[in-house]
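First the structure, in the form of structure tokens, and then the observations on it.
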Amino acid sequence: MFEKLILYSPIIIFVLSYILRFFGRLRFTIFIDELISGDKIKYFSHILFFSIVSYIYWLCYQYKISLFNLESDDLDIASVFSVVLAIWSCYGVYVGFLQFMVGYDNKEKGTYLGYQKMDFLTDSNVWYHLTNSWEFIGSLLLSIIIPLIVKFNASAGIHYQYIWQAIIGFLLILFIFLLKFSLKVAKTTIFINKNTDGRLKEFIESDIENRYHRYFNRLLKQKFSHGARKSYFKQVRVDLSKIDNAKDKSTFLEFIYCNISSEEIIGILKEFEVGDIFNYKCFIK
């Protein structure tokens with residue numbers, strides 16, 4: 001039973017996420033983005049890498065799956081390398097896509113509330129972060145090194161082959177999702193140029209609200225101390241400096257202040273001492 005659960009776990013996760021996306025739509029997507037936002041997405045990319053590689057390795061080991069018999073004396077190492085180089089060449093498409101993103105310049109429509117829209121898309125994509133990790137570079141190198149180790153080391157076990165297959169599988173899966181991401185960015189670029197990218201703007205607005213909600217919670221924990229207030233307003237000034245026009249600045253301030261729950265503040269203020277309430281009054285001034 002447990003073995004079957006592991007075997008079908010990717011399918012179960014995919015189906016559940018699809019159902020939640022279908023019924024939750026924007027809320028679910030925003031929830032996922034918040035769950036792995038900021039620095040957390042980098043840690044999540046490491047977890048994702050080891051999860052994929054471990055799963056494929058377990059699959060190969062459990063069911064004795066061998067795409068190539070690397071231990072065979074008759075193995076043509078050139079045929080193995082041709083597969084590896086074919087996968088490497090696929091990433092040339094992705095590099096071309098990155099060049100397009102770097103070259104994209106739309107000063108009028110390419111920013112919103114201080115956010116570069118292209119940067120926001122990449123920063124919130126876990127597969128993009130995976131390509132910037134040491135695991136990705138290591139996988140590319142190991143895809144070449146492992147066949148050489150097995151070829152010239154007769155004592156190398158079958159586990160090397162399973163590791164190699166897991167790495168190749170990871171690189172293929174990564175490329176598929178990067179291709180999907182590239183198509184999404186191309187589609188979003190069209191929406192940006194037509195000024196119909198309302199969905200992307202909603203994600204940016206949600207990111208601002210969530211980020212400043214965390215900042216405000218930090219203020220509450222520190223009871224609106226002078227240092228906490230100074231740090232908070234410094235961050236506000238930094239974000240405002242990235243916004244050009246006054247209308248967007250006003251919209252930005254509405255998002256970070258009008259979404260603060262007055263009931264939550266009143267409930268917390270009841271537990272504050274006189275000095276803490278004075279600090280709060282200094283904050284709202």
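Positions of Cβ are set from backbone N, Cα and C atoms, glycine also.
Positions annotated as transmembrane segment by TrEMBL: 6-23 (among others).
What TrEMBL lists as transmembrane segment is 43-65 (among others).
For the transmembrane segment (77-104), same-chain residues at least 6 beyond its ends with a Cβ under 8 Å from one of its own Cβ atoms are 68, 70, 110, 118, 122, 131, 140, 143-144, 147-148, 151, 168, 171-172, 175, 178-179, 182, 185, 189. Annotation comment: TrEMBL describes 77-104 (among others) as transmembrane segment.
The feature transmembrane segment is assigned by TrEMBL to 125-150 (among others).
Proximity of distant same-chain residues to the transmembrane segment (162-183), defined by a Cβ-Cβ separation under 8 Å and at least 6 residues beyond the stretch ends, is recorded for 49, 52-54, 56-57, 60-61, 65-67, 70, 83-84, 87, 90-91, 93-94, 97, 125, 127-128, 130-131, 136, 139-140, 142-143, 146-147, 150. Here TrEMBL flags 162-183 (among others) as transmembrane segment.
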